[in-house]
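Below is one structure, written out as structure tokens, with a few remarks after it.
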């Protein structure tokens, strides 16, 4: 959708996932670090599968919104005697959502099927982000200078995310790469909103002068303000996760074990499964085996 809503919708999706990852990965990393015997991540794997379902839901919402808004293509790729293309911008956005939906499908299959190769979920996510970048590169080709520039800044975050996610295929459970992916996803989300505000002025006010080079300079600077804000969010969420797992600095391995035990109790409450070899955590503090 070539309007503010068309940018706010994907921006909201990316922002939700970025914020979620900025909490999930520190919790997983710190819980593993606190109890090295608990190498199996069954509870977090369940979360990954649910995450895949949410990703599919978001993708379906996005595709339906792009196709069936009042001025959308309504699944027509071309029409008329001359076979003119119909709303290709909507079709490009639909294609972007499609690949993120496929990424969600692979996430679920990675959880339910043990024969799926390890790392395939990250590979599919990397492909989805790369496809998004390619679509947006040609999305604004030959558009006004300001339009091109503000979208080209978005490409920095997109292709950075694609590369870091590809590295995760080979460097699995690397907290630095995972937090970097969370950060660039947050930047994508906030910058989509920024693009919508600059190009469409949803709350009124004068339109931006697309030929003024000062606007180009400001937006470049503003983009990295967004990035700085994402770094602050990552630091705050990591600190909150640390304090949660280690008990407000009263610390020690015992409280780390409590974090693991709490996660397992949550898993028991939500999974409703019986004890199994693949989901067993032993508390060194109490010498009690917790199973979900």
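The backbone N, Cα and C atoms fix where each Cβ goes, glycine too.
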Under TrEMBL, the annotation transmembrane segment belongs to which of these stretches: 123-141, 180-198, 237-255?
123-141
If you look at how TrEMBL annotates this chain, which of 153-171, 267-285 comes out as transmembrane segment?
153-171
Given ranges 6-23, 24-41, the stretch to which TrEMBL attaches the annotation transmembrane segment:
6-23
Counting Cβ pairs under 8 Å to the transmembrane segment (97-117), which of 6-23, 123-141, 216-236 comes out on top?
123-141
